[in-house]
Amino acid sequence: MAEGDNNSVYQLASETASLEEQLQGWGEVILLTDKVLRWERAWFPLALMSVVSFSFLMIYYLDPSVLSGVSCFVMFLCLADYLVPALAPRIFGSNKWTTEQQQRFHEICSNLVKSRRRIVGWWKRLFTLKEEKPKMYFMTMLFSLALVAWIGQQVHNLFLTYLIVSFLLLFPGLNQHGIITKYVGMAKREINKLLKHKEKKNE
């Protein structure tokens, strides 16, 4: 293995260990959330969507201002950050972790670090594109932002947020059960059929 690869592996392990230490108080909650998001039981998707739908219905009913909504959300995060590490050991008994639970917690933290690295990598590539191909960067950003603005005008903000949040929360389960792979494969086959049909017509 090259020295650069060794450094990368060591850095990944170091970042993962650091994140594990930071999230230790949230361990049991994270493991429970992971089970729900991966649909370990058949009723988990229904329960998940029920909670999300109820939450958005309450927001729609209360109709808070942006400032009130942000303040309440940050206040909820602060309360959770204070209460969860204190109450979780008493509720779940985190001191009785099995080897399997510890391994899964390590995998989750490792995946979070990798996801963070991917996001940073995409951000850096965007700036590299800006420096190397400014015209392409400008056109890409202009088209993307115009598309997002158009979608925002066509769909109600709260409903659009609901769809995005629902998709993000369902994505791990869809991926875990091979549903995304199945439909992506079907879409690819249909596109290939259309391309072949078009080629035959051109001949």
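Yeah, the Cβs are placed from backbone N, Cα and C, and that goes for glycine too.
Annotated domain 'RETREG1-3/ARL6IP-like N-terminal reticulon-homology' per TrEMBL: 26-183, in sequence order. Annotation comment: TrEMBL describes 42-62, 68-88, 136-153, 159-180 as transmembrane segment.
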For the transmembrane segment (159-180): best-contacting stretch of 42-62, 68-88, 136-153, by Cβ pairs under 8 Å: 42-62
Mean per-residue pLDDT computed across the domain 'RETREG1-3/ARL6IP-like N-terminal reticulon-homology' (26-183): 89
